[in-house]
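Residues or ranges marked as NADP(+) binding site in TrEMBL: SER35, SER36, SER37, HIS38, TYR56. The Zn(2+) binding site feature in TrEMBL is assigned to HIS238, CYS239, CYS250. Annotation source TrEMBL lists domain 'Gfo/Idh/MocA-like oxidoreductase N-terminal' at 16-83. Feature annotation from TrEMBL assigns domain 'Biliverdin reductase catalytic' to 91-201.
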Amino acid sequence: MPRRELGNIEEVQQISLEDALSSQEVDVAYICSESSSHEDYIRQFLNAGKHVLVEYPMTLSWAAAQDLWKLAEEKGKVLHEEHVELLMEEFAFLKKEVVGKDLLKGSLLFTASPLEEERFGFPAFSGISRLTWLVSLFGELSLVSATLEERKEDQYMKMTVCLETENKRPLTWIEEKGPGLKRNRHLSFHFKSGSLENMPNVGVNKNIFLKDQNIFVQKLLGQFSEKELAAEQKRILHCLWLAEEIQKYCSSKK
């Protein structure tokens, strides 16, 4: 991809990657590139002694993520994976609705226009924010099966994943992408006490990127406990591990 020239923004001059890595004035890097380049950029900035905020998914490999967190620890730097989907009004509503309820079964379907797999990863990785919702709502999940239907000539794909909660309750996650498909989320959760079908209009998501940056700043200031950091890291690694297992499962069925 050619580098976008930004010139001068509010009297701050664009600098090269090499200058950013070597500059003593740069303490923090925000990585907002295509997912396939995340691992390399994180490694470069951590090795240069910079703190890092990176868009999800942090990497396209569970092992690479573990390795990068180990590197961040060795360098004494904060490595933060942005998770704006957990700061959305919809998620806050769902969290409130789900807590304390006994799930019988559930499904989450996401539709959108196509994404280039080479740049953004296999659908289980490019759609990892939906997986993060399910894990955050229902705890660690296990993979039962996964299928991928593709029509590359039509730029169409549909990934169907069957998951299971620790209580053996089934959860289905579907990512469907193709030309003309609108960005939309359809969900259905059935509990012993009733059902939740689709998402009501719960308001505008205000300043979710800023809220995530504030979490990053709190980490820089040491305001997160070891327990909180470990729980977050465990969740992120679990989602990356699941995404990788889904990819392997789909590849083995081709």
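Backbone N, Cα and C atoms are what each Cβ position is placed from, and that goes for glycine too.
Just so you know, TrEMBL annotations are computer predictions that nobody has curated.
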CYS250 (Zn(2+) binding site): tally of other CB atoms within 10 A of its CB: 21
Binding-site residues listed as SER35, SER36, SER37, least Cβ neighbours within 10 Å: SER37
Distance, HIS238 (Zn(2+) binding site) to SER37 (NADP(+) binding site) (CA atoms, angstrom): 21
Other CB atoms within 10 A, centred on HIS238 (Zn(2+) binding site): 17
Densest Cβ neighbourhood among HIS38, TYR56, CYS239 (binding-site residues), 10 Å radius: CYS239
For HIS238 (Zn(2+) binding site), the one of SER35, HIS38, TYR56 that lies nearest, given that the binding-site residues are compared by Cα: TYR56
